[in-house]
Amino acid sequence: MAPSYFFLAVFLALVACQANASDPSPLQDFCVADKHSPVKVNGFACKDPMAVNADDFFKAAKLDEPRNTVHSKVGSNVTLINVMQLPGLNTLGISLARIDYAPLGENPPHTHPRATEILTVLEGNLYVRFVTSNPNNTLFAKVLNKGDVFVFPEGLIHFQFNPIHDKPAVAIAALSSQNPGAITIANAVFGSKPPISDDVLAKAFQVEKWTIDWLQAQFWENNHY
């Protein structure tokens, strides 16, 4: 192969890899997750197709029922349905979540490292935001009403807040990964185990070390139940 054709082939291969940076497309009708398989792959190994039945694609999640937000410090409850709860999602590149918000509750700033999210308000109102990457860090914000839809691009920090003091809100979110992941910013930075050095965080946030020590002493709970 001539050098020019070789480099062209390498370039096209790299472009193809970048274009397929999220969950890969399935190469068969389905690949139900076999969570007991000793084989380690990116995702889960496939269950024997002859042993697959309708229950592998089903979960009685009761997503029509309100979730408890009373015990959440941030006033929200995220019910995620991904491949861990529904094995039939393996290799299909989708998942969803129901999000319940108490009055003045929020789903705090977080990212999904492997998924774009599209959110629809089912009840109430939500104030939503996402921030673009460095160096601009542009903030995009919108107030959503019942039936409105908003998209959060993959990997960007975003949150939702219920601005109404006496009414709850509910949203449903679809995500472009069987296992999108969630990194809640405050939990990751101040609640890591073991903790990040307070010297590092004090310099990063330009505050005194005692402020960082106080933040690290708080209980950073997970609102995903």
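In case you wondered, yes, glycine gets a Cβ from its N, Cα and C as well.
Residues or ranges marked as signal peptide in TrEMBL: 1-21.
When other Cβ atoms within 10 Å of the Cβ of CYS46 (disulfide bond) are tallied across all protein chains shown, the result is 18. The feature disulfide bond is assigned by TrEMBL to CYS31-CYS46.
The domain 'Cupin type-1' annotation in TrEMBL covers 61-213.
Taken from TrEMBL, the feature oxalate binding site covers ASN107, HIS112, GLU117.
Proximity of HIS110 (Mn(2+) binding site) to non-local residues of its own chain (separation of 6 or more, Cβ distance below 8 Å) is seen for ILE157, HIS158, PHE159, ALA182, ILE183, THR184, ILE185, given in sequence order. TrEMBL lists HIS110, HIS112, GLU117, HIS158 with the feature Mn(2+) binding site.
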Measuring Cα to Cα, tell me the gap between GLU117 (oxalate binding site) and CYS31 (disulfide bond) in whole angstrom. 23
Remaining residues near the recorded Mn(2+) site, that is with C-beta within 8 Å of the centroid of the site residues HIS110, HIS112, GLU117, HIS158: THR111, ALA115, PHE130, PHE152, LEU156, ILE157, PRO180, ALA182
